[in-house]
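Just below is one structure, and these are the notes that go with it.
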Amino acid sequence: MSVAIAGWLQAGLLVLALAISYRPLGDYLAHILTSPKHWRIEKFLYRLIGVDSEADQTWSVYIRSVLAISVVGVLLLYSILRVQDHLMLALGMPGMRANLAYNTASSFVTNTNWQNYSGENTLGYTAQFAGLAVQNFISAAVGICVAATLIRGFVRRQSDRVGNFWVDLMRLNLRLLLPFSFVLAIVLVASGVVQSLADPHTVTTVTGGHQTLYTGATASQEAIKELGTNGGGIFNANSSHPFENPNAWTDWLEIYLLLVIGFSLPRTFGRMVGSQKQGYAIVSVMALLWAGSTAINTWLEARGWGAAARLAGGAMEGKEVRFGIPASSLFATSTTLTSTGAVNSTHDSYTPLGGGMALFNILLGEVAPGGTGSGLYGMLILAIVTVFVAGLMVGRTPEYLGKKIRPAEMKYAALYILATPAVVLTFTGIAMAAPSARSSMNNTGPHGLTEVLYAFGSMGNNNGSAFAGLNGDTQFWNLTGGLAMTLGRFLPMIFVGALAGSLAKQKQTPASAGTLATHKPLFVGMLLGVTLIVVGLTYFPALALGPLAEGLS
Amino acid sequence: MNRLPAPILRHLAALRALLVLTVICGIAYPLLVTGIAQAAFKDKADGSLIKDAKGQSVGSALLCQEFVDAKGNPLPQYFQPRPSNAILAGSTNDHGCDPAQSGGSNLGTNSDKLKQQVADRQKTMAAFDSVPGHSVTPGQVAVDAVTASASGLDPDISPLNAAQQEHRIAATRGITAAQVEALVKANTGGRDLGLLGESGVNVLQLNLALDAQYPYTGKYR
């Protein structure tokens, strides 16, 4: 079988698996977010935590609760990293330096999982599983929680309540993320991923050399790392490391996991707003963007542009033999179109335009299908912008799902769209102006600019993958990066919450002959166009100086 | 308790929720998975270690290792893994495939440095793999033999790369190229499920099979 046919088949198999999961997983998520019944263990935990599980919160209380758990999350994780040498299974690793611990704590709490350290020679086992992995669960659930408030904003009428954060958080962890991760972690171990808390084992190699093998709770973290679109690896090499991703089957499974919640949430949305077709429209846009980006990236990498790749006979620098080019491109596209940021190959060594596509995916705001929850709310904001643009063309007050898109709603949507680019471009500008920041670049010329733009694009959009040649472990990068990740995560969440509150207060507007049908192919096409145009207008100048300049010269 | 202002109560609730989730997701979950993994899949969970005839672990089937002499020169009687950037910075006796230093070069495809590395590797490998009666030109050297992997620990080489090294192995060990080729074939893995990924040859397993079947009698250390 040729490389191209095998590449198409593995992508096709992935689409099939995601299509099969769409209904059951989407419906199950809708059940979790709407069921009035609590499990007995949940009731016990609500008492333990001291929250009223029957209280319905206003948007501002809900978002304040999100911020509260994030603040205590950063503080606890920061402390664990600082004092990890006093914990069990520390493997003799010293406590992390303050600015690196700040960066890492912000990174894992914001679902970014940008890593300025290499796990296997910086962290003990306990800091990895009791510190980092916990935030993999919480940050994934928090994204879905915020998306749930926006859906409720569309569903509820003349209400100022958008749900109960503590109930959503606990249910998503106990009913979805934990049981799924558990089963998948066992599947991963059975397929060769390591899971051992024994001290690193030193072996004498065939020719008398020595290798020390770090293992850790890798499979258990790998499962939630992908399922929760986190992306922070146990090892520096992330999912290209054979202990995290030993063969092409685990690779395929990991790609499936990082996409499956994002691609099923439109079903949850359709079900909760009472029209499956609305869900199909949203998922179509996501699927078209994903398929198009995958095809382009695979083609670019297979062509192997760039002087070194030409000389070598292919773009295999930074790629593993067991995956080859199609599975690497498939992973790279999926990880950058979600907020995952795990990598099975080094994006820095991709062909100029192939690496540029990965960057473009991130700058799209990770909406195809995006991070758990964040992808859905990102796409719904773009849907609101789309009905607004359509409304302007015909001179009507736009509506979406029976709710009027008035100046207040548009204000929040516009702020959402502007927040992340403002963070990304401002910090990129500062970094390019500061000689100390520029000296972190591994490559020169346009490729060096791409490294910097990719870094802040990735952190601002909470992706976490890197053009990893950049040396991020400096005071400048640790501090600005931590700030960029925090702003890029919580500013948009606040605007989504405000939008949800504003929508929930409205009454239902019945659809009329002039209402734009938001479940038809026409709308799908318009939403696709708006998504591409918004990001194109925002980032084109920066992209032109980086990947485009390199790729077209 | 209820006299406290709402923001403080909220952060206390958040802290308790965080601690509860730390116990469940951060401690119980990984320990349970570790217990099951160790009970049911011990070999895999420990890193798929390979033992030699004496029962000593000689490495992991999942990780590359260097087949070099004390000076770091590649040994001609062994198949050579891909170039590796998993090297301890500043070390003089670490030549690659160091599991404590996973990572790639992160050089762009237009980088002059990478271009130079590729050119150098092509020249070195062509000379290394050329034996009387069988010459390899720099342009013929397999792509994965001149590029480093993402992890620096890639355990595999492409079948093309293995084929290119066969004649050198045969000449050094005093056997025929056909005998080496048969062993390579036996150690070549296809695509998973017939369509996932690419086929590769596991270098450590192949070299162990070589040593078992056609022991090398010369000295190498």
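Placed from the backbone N, Cα and C atoms, the Cβ positions cover glycine too.
TrEMBL: automatically predicted annotations, no manual curation.
TrEMBL assigns the feature transmembrane segment to residues A:476-501, out of the candidate ranges A:86-111, A:476-501. Cβ atoms under 8 Å from those of the transmembrane segment (A:415-434) belong to residues 363, 365, 381-382, 385, 449, 452-453, 455-457, 459-461, 476, 480, 483-484, 487-488, 491-492, 495-496, 499, 534, 538-539, 542 of the same chain, restricted to positions at least 6 beyond its ends. In summary, the transmembrane segment (A:61-81) lies against the transmembrane segment (A:476-501): three or more C-beta pairs, each 6 or more positions apart in sequence, are under 8 Å. Each of A:129-155, A:176-198, A:252-269, A:281-300 was scored by its Cβ pairs under 8 Å to the transmembrane segment (A:476-501), and the highest score goes to A:129-155.
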